[in-house]
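I have placed the structure first, in the form of structure tokens, so that the comments after it can refer back to it.
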Amino acid sequence: MPLDQLENQNPEVYHKSADRPPTLEEQDDSVVDDFDRREIFDLIREINDPEHPLTLEQLHVLQEDLIQVDNEKNTLHINFTPTIPHCSMATLIGLSIRVKLLRCLPARFKVTVEVTPGTHNAEEQVNKQLADKERVAAALENSHLIKVINQCIAPRARA
């Protein structure tokens, strides 16, 4: 997308969190350990922004404290914060987060991805789209859209 068409031409860029070294228990396949918010954050923090050559973590779209994990109920709730209140990429970002988690987590988890309350002008509509299983399934059958999502969740070479 040409620079003059970007919605947020100069986004604020934040420092990335330090990588968390895995513990011995996490490396031991015989130990059953629950998922925690940091582990979920580590799965999604490197998702690429669809408009900028930055990750969602660098743009503060994703933050560890906006993740809730309930291993007993097998639920996961992610809030994400668009960089601007009228971001037209919010649904695409939400879909990218959802697809990344669905590909990485056991099928037992019910994953909910929503816009952080009060951070987007069309928050209710975006959340409704992301919660509609049929709409999400149809979106993921769109070859162009899945190609864009795959680009967002593809790992980048680390600097």
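Heads up, the Cβ atoms here are built off N, Cα and C, so glycines get one too.
The annotation compositional bias 'Polar residues' is assigned in TrEMBL to 1-11.
Annotation comment: TrEMBL describes 13-23 as compositional bias 'Basic and acidic residues'. Below 8 angstroms of C-beta separation, residues 38, 41-42, 45, 54-55, 57-60, 64 of the same chain, each at least six residues beyond the ends of the compositional bias 'Basic and acidic residues' (13-23), sit close to that stretch.
Per-residue pLDDT, averaged across the domain 'MIP18 family-like' (38-115), gives 95. Sequence annotations record features per position, and here TrEMBL assigns domain 'MIP18 family-like' to 38-115.
Sequence annotations record features per position, and here TrEMBL assigns region 'Disordered' to 1-29.
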